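According to TrEMBL, the features are:
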- B:6-30: transmembrane segment (TRANSMEM)
- B:42-60: transmembrane segment (TRANSMEM)
- B:66-88: transmembrane segment (TRANSMEM)
- B:95-113: transmembrane segment (TRANSMEM)
- B:140-162: transmembrane segment (TRANSMEM)
- B:191-210: transmembrane segment (TRANSMEM)
- B:230-257: transmembrane segment (TRANSMEM)
- B:269-287: transmembrane segment (TRANSMEM)
């Protein structure tokens, strides 16, 4: 059950583990009282080793494996359809899961909501921030992280490493969260050199391997020499950029193993913080928070270790900025600031820290970003 | 890197045509052979994805991308044989079997491909036709993979072969009139079985190109429907192998248009640019169709034309 898509390689392993689980179910052989264990279910929309969104969640789930009293069930490649309801139902009924993390954005409405109504004793926490106290069941909830600050730090390193003063961003869709990341990446670079520009290319889909590769080629052809992205699986972007000789900054999880020489740093989710917090509450029998958010300073987001190519001045400014951010309250979007059509976003003295509610409906690209949202 | 400005657009279209077209070339050539024999195999998308997985897995295990391509061809031929075998029974609909095999191929590729998402496979070699140039962008655009060249040669060979060889004649006769073929002492079922297997092997090479060269990694969403589009390209190309090659190039180039235009600052309406290949196909289909006559060049035995 932990792994529906059984590979040849792991078949033996899984069978062995299955046998062990079977034994654990028999009271005489059980090392842990079954009643005391909390079973936690994780559901992923893609493979959990995709070097991206799903891997970030799976790494967070792994942190729970070490916790006493927690049983983990996971399922990959669950589409955002009624399939995810079936998965949740079987995790609750067959595996005895009492806490579920359906991690993909599209799982929430209507699937998580329907299951939360159907199983009032189980707890559902969904990644994305969609939970609304006035409308949604109290056994559901949302958690999310502010990762734009990570892209800002990516930008700081990119600003130092770019020789052409042109950096590139491969983006999926022009939604607020993606636009915040693009803006932060450019503003980070501009904190180093205010003449830097960032070219953004929207592919229109969260996962479109060939178009992502084409986008990287087009960016490099136009002179961009540091590339980052916001797509579900950054693997293709990182590999293509490194092959073309450009530096890359990662996203979601660490892609350093794919391009050890060209990888500078990356904005990674640190979901272990969130998941172990929920697990501790669940084990202690306390109510789980319905709404959780945090950024770099809360340990929800982390940076990949700096790569070997990063120069000393870049390292210094990166570390200084990181220390500043960790104090809390740091604002990337602050006045005077214009968007790339010349309209004023923030007047002098006005600042939007990452927690600002305005940033959840961002629809602009800041001055210096070459691109358009439609 | 030099600033090439607007020259980036034609260069990207050329480079994109070369980079992106190869899977289209192989799948459409394979399908052209199958359809010329009078059968439609809609399952090539599944064959393509399975070929991508098989090539990647074998390349990881053996360290040689060429063994990967061979493995993909064998697997693709296997899928083709299954399709041909099932369709050899009376009153079996080849389109329905194709759709079933497409889903089967994709599912099987996910099943076996799980452990190969993380490892890196050795890529297929490319030849630098742009090495004469000092401009890095030109060198990158003209970095041509050997499979692309093989595909171009194969298109020519098939075009010549259909006209001038006995095998070509046999395939065409079976595709145009099964009765005439039987009168000549040929077995349409056997010919179609091999034609479908051949088509499957070619489609799987297209998959190998995806996973071993461009974009060059295996994951479950590596193909965004290239296999299905290539089947449509065959009709667009009127079952002519040279036409398949040209249509694939056109599709590849048009696909590169969206990112390239955004990179030079034409950013409004990029969704429309992404639709360019499909709009182009629609326009050409409308321009060349006629209510009065059958599709020119269509094999007479195809279930869609009967």
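Heads up, the Cβ atoms here are built off N, Cα and C, so glycines get one too.
The structure displayed is predicted, hence computed values, not measured ones.
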Stretch in B:6-30, B:42-60, B:95-113, B:230-257, B:269-287 most in contact with the transmembrane segment (B:140-162), if contact is a CB pair under 8 A: B:6-30
For the transmembrane segment (B:6-30): best-contacting stretch of B:42-60, B:95-113, B:191-210, B:230-257, by Cβ pairs under 8 Å: B:230-257
Surrounding residues of the transmembrane segment (B:95-113) on its own chain - C-beta under 8 Å, 6+ positions past either end: 40-50, 52-54, 56-57, 79, 82-83, 86-87, 218, 220, 227, 303
